[in-house]
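First comes the structure, then the notes that go with it.
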Amino acid sequence: MVTSTTVPFSAPNKKDRVARRGRPEIVGIVEASVWRRRGHSDACENFDPNGEDAFVHNNLEKRDDIPHWNTCPRWFELASSLKRCLLHRITYMQSQYYWSEIASVCAECGSDLLKNVLGAKYLVNKDDVKGLLIPYPEEAECVQVTVGVGNDTFAEQRLKEYVKNVKFYGVDPILQSGEPYKKMGDYYQLAVASKPGQLNASVLINGHYTWQMVEAITLEELLVNRLKLPMIDFLFLDIEGAEYKVLPQLSSTGTLANKTVICQINVELHGPLPDYGMDAFMFSRVIKSLIFQSNYLPLWVPKPTSHHRFFLIDWKSPECVQKYFTHWC
C-alpha cells in the first residue's frame, strides 16, 4: 500500500526556485490571491464567494483535508483554486455540453496559465501531442509506462531527451504495434481493460484499426502486480475506448486508490462517443469522477477533434509535489 504522508519535503533554494519559475511578471500573475480572483470572477460565472454552492464546497479539499498542506502552501493554494473553479463550472454544465466545452472551461479556469507557468513541455508523436513537467532535480530517477503503444514511440523518444534517467515500460496487445517499444525499454504483449478476460478491442494492424478479440488484464493488475510499481512519473494511456471504464479506477474510491502513485497522465478519450458505447451523460460522469473524486487536475485540454486529449497531474500526493511542484512552495 502506498502511504501518502511519509515523503520528506526538501524545497529548492531561492536561486533554483527563481530559475524554474520564469519571468517575475508571470510569477506575480499566479500569486494565490490574484489566482483566486481570476478563478472566482472572470472564469466562474455567477460565482458568489459568500454563498458558495454546498456541493462544490463539500467536494473541495481544505487545509485540514491535506495533512502536508503547510509543507507547500502556495502550491496547494494555486491548485485548489483551480479545482474550485472547475468544480463550480462543471457542476452546472449540462451533460450534452461536456464534450464540446470542457476544453474551454479548463482554459478559462486557468489550466493553460498554470501549465505555462510550470514550464510544461510538449511531446509530439505521429498524430498526438502530450504534455510533460520536468522533475526536480532533473537527474531524478523516473518511471514511464505506455499503455497502447500503437507502433509509435516518438513521444517517448522526446521524453528521453528532456528527462535522462527514465525506466520505460510499454504494453500493447498486438506484437507488430508494440515491438518498436523494445528500443525504449521493457515491452509486454498485453491489453488493458476495466475487467480481466476477453475484450473486443480496436487494435492497429498493418497501419489500420480493426476490431479484434484480445486477452486483457486490469490496470491495477498491470501496474501493481505485474510491474510492481509504487510510483509512476509518466503514464501514457491510449487504449481505444477502454479508457472510459479504466479512468474511474483512478478516483479516490477506485481500485488503484492507495496502491500506486501516478504523477502525470496523458490520456486519449476516443470519439465519436457512440462508437465506443458511450453517450454524453456517461462522458460527463467520467469527467466528474476525475475532477471531483481524484487527486488529478487537468493541466492541458486542447480543443477536441474526433478525440479528446487530457494532460492530468496529481496535485496532492506528497511524492508528486516533492518532485514536480516544490519550486512553488
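Note: Cβ is positioned from N, Cα and C throughout, glycine not excepted.
What TrEMBL lists as domain 'Methyltransferase FkbM' is 135-273.
Summarised as a single figure, the pLDDT of the domain 'Methyltransferase FkbM' (135-273) averages 88. Note: the domain 'Methyltransferase FkbM' (135-273) comprises 35 helix, 54 strand, 50 coil (DSSP; helix = H, G, I, strand = E, B).
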